[in-house]
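Student: I have a structure I would like to understand better, so I am pasting it below and will then ask my questions one at a time.
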């Protein structure tokens with residue numbers, strides 16, 4: 001039995017399979033670039049339009065509902081559309097094993113807070129500035145991985161984190177000089193509020209991502225079932241936050257007040273963006289994901305120039321360039337000796353997929369060489 005499985009594992013993929021995987025790899029990465037850039041730009045757009053504004057707390061709740069519905073559909077398909085079997089499976093996973101479900105309360109609370117803070121940050125920061133600054137989540141995730149999971153970083157990764165911090169600092173220095181002009185142009189925006197929101201969001205992203213990684217490694221539950229458990233808490237906590245912050249206004253104007261076609265696009269984009277990361281992890285690798293993230297920063301910056309009149313100067317270009325280079329350097333797989341190792345093949349990326357549905361925060365934090373040790 002074991003011999004048969006080993007021979008199957010050692011089979012060389014056919015040319016058609018390899019070609020299909022290659023196409024899926026680059027298609028998923030291209031879609032990820034578009035999703036990353038379009039989410040930031042579209043949120044910025046709908047939050048700066050004149051007129052009635054939708055409640056961001058209700059948008060967070062709606063995104064959670066869509067994520068849960070999508071993951072339930074995937075679980076149903078995995079059970080070959082056996083509705084009764086699926087219901088018993090959900091009952092056992094969510095209710096009967098309630099202690100296991102309760103473990104997801106902490107990351108769910110943090111993710112809900114993070115999603116709300118993302119709206120606050122993008123509403124008060126230029127899209128390109130947010131996109132660059134938000135890459136600090138790589139730094140916080142790495143630090144929490146070292147502290148909580150006792151992981152080690154290569155010298156290249158430590159250097160990349162220093163470059164990342166330097167690049168973000170340069171961008172903030174550049175934006176500080178333009179802050180007064182930005183306030184004059186949009187009196188309803190507060191740069192400092194946006195900056196604090198994105199920093200807290202990065203900290204919460206790092207902690208929640210590492211915490212969730214520990215839960216995934218200590219359980220046999222699928223990532224889709226984990227998303228259902230997270231979504232249940234996320235929806236409940238999102239409703240609580242909506243009641244606390246906008247309860248009276250929502251009761252007066254309605255849950256869907258201010259929703260337009262563009263707002264629905266933002267919600268769908270946010271809901272299914274994280275699910276896309278699971279596809280990227282399955283068919284791509286960390287180097288190409290680094291390229292996708294870096295390229296999405298470039299796309300966001302270019303589009304911000306045309307859509308919002310964002311001005312790119314030498315200082316911003318230098319800072320963004322450092323961030324883009326740092327993202328790529330950090331995504332390089334780590335060899336046993338601490339040096340970057342060759343890019344693994346897409347067929348070897350059979351690691352457990354990340355937590356989908358949170359803007360991609362549960363990515364492979366500290367990539368390892370294929371065949372040496374299992375990636376995160």
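Residue numbering: from 1, along the chain as shown.
Every residue, even glycine, has its Cβ placed from backbone N, Cα and C.
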Student: Among the residue ranges 58-77, 78-97, I'd like the one that TrEMBL describes as transmembrane segment.
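Tutor: Checked against TrEMBL: transmembrane segment maps to 58-77.
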Student: Choose the correct range: of 224-244, 350-370, which one does TrEMBL annotate as transmembrane segment? Give that range.
Tutor: 224-244
Student: Report yes or no: does the transmembrane segment (314-332) come within contact of the transmembrane segment (58-77), defined as 3 or more CB pairs under 8 Å with a sequence separation of 6 or more?
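Tutor: The answer is no, given that the two segments have fewer than 3 Cβ pairs within the 8 Å cut-off.
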Student: Using a Cβ distance cut-off of under 8 Å, indicate which of 26-46, 58-77, 224-244 has the most pairs with the transmembrane segment (288-308).
Tutor: 26-46
Student: Against which stretches of its own chain does the transmembrane segment (58-77) lie, if we need a Cβ under 8 Å and a gap of at least six residues from its ends?
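Tutor: Contacts of the transmembrane segment (58-77) (Cβ under 8 Å, skipping residues fewer than 6 from its ends): 83, 86, 89-90, 112, 115-116, 119, 222, 224-225, 227-228, 231-232, 234-235, 238-239, 241-242, 246, 250, 255-257, 263, 266-268, 270-272, 274-275, 356-357.
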Student: May I ask for the residues of the chain that lie six or more residues beyond the transmembrane segment (153-171) and have a Cβ under 8 Å from a Cβ within it?
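Tutor: For the transmembrane segment (153-171), the sequence-distant neighbours (Cβ-Cβ under 8 Å, at least 6 residues beyond its ends) are 129, 132-133, 135-136, 138-139, 142, 146, 315-316, 318-327, 329-330, 332, 334-335, 338-340, 366.
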